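The 5-amino-6-(D-ribitylamino)uracil binding site feature in Swiss-Prot is assigned to F23, A57, F58, E59, A81, V82, I83, F114; the stated evidence is sequence analysis. Taken from Swiss-Prot, the feature (2S)-2-hydroxy-3-oxobutyl phosphate binding site applies to S86, T87, R128, supported by sequence analysis. Residues or ranges marked as active site, proton donor by Swiss-Prot on the basis of sequence analysis: H89.
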Amino acid sequence: MANIIEGKLNAEGFKFGIIVSRFNSFICDRLVEGALDTLVRHGAADGDIDILRVPGAFEIPVAAQKAAASKRYDALICLGAVIRGSTPHFDYVCAEVSKGVASVSLDSGMPVSFGVITTDSIEQAIERAGTKAGNKGTDAAITAIEMVNLFKVI
């Protein structure tokens, strides 16, 4: 039988950086609340969590890159909300943010979870920030916890 290796959901002793956009703060603040609650419930100490605020979602990857290079963190959690408007700007921002965050993770070898919600409406964003569709900040924090534990054993 094959060995199954997976990360545990224990945040104790790890340092986390949460990188969050200020734009659409009424949504992003809920994502941060979900991430913080999840990290603490899984054993992270308040002093082991930093929140790095950036102006918008487009700035998340470069802040994540700098945070990863600092070696201060065991994992990063990227949070933001991009809501479709009437121009193609949405498509460009979404594509670059997702590619940028993935690139930081691959280049640094550090777990970098993606909790940037991309929606067609404010209603959809609200649903994904703690109402009907759960909280994507919570999901991103769980991913970071699991991955940092997996990286510890592989």
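Every residue, even glycine, has its Cβ placed from backbone N, Cα and C.
Keep in mind that what you see is a predicted model, and the values were worked out from it rather than measured.
The structure, with features from Swiss-Prot marked on it.
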residue	record	Cβ contacts under 8 Å, 6 or more apart
F23	5-amino-6-(D-ribitylamino)uracil binding site	P55, G56, A57, G80, A81
E59	5-amino-6-(D-ribitylamino)uracil binding site	S21
I83	5-amino-6-(D-ribitylamino)uracil binding site	N24, I27, F90, T119, D120, S121, I122, Q124, A125
S86	(2S)-2-hydroxy-3-oxobutyl phosphate binding site	none
T87	(2S)-2-hydroxy-3-oxobutyl phosphate binding site	none
H89	active site, proton donor	none
F114	5-amino-6-(D-ribitylamino)uracil binding site	C78, S98, V101, A102, A140
R128	(2S)-2-hydroxy-3-oxobutyl phosphate binding site	I117, T119, G134, N135, K136
Exercise for the section: Among the binding-site residues A81, V82, point out the residue whose Cβ has the most other Cβ atoms within 10 Å, with all shown protein chains included in the count. Expected result: A81
Exercise for the section: Measuring CB to CB from F58 (5-amino-6-(D-ribitylamino)uracil binding site), give everything in the same chain under 8 Å that is also at least six residues away in sequence. Expected result: V93, E96, V97
Fill in the blank from the handout: Simplified DSSP label at F23 (5-amino-6-(D-ribitylamino)uracil binding site) comes out coil
Completion exercise
Other C-beta atoms within 10 angstroms of the C-beta of A57 (5-amino-6-(D-ribitylamino)uracil binding site) total 28
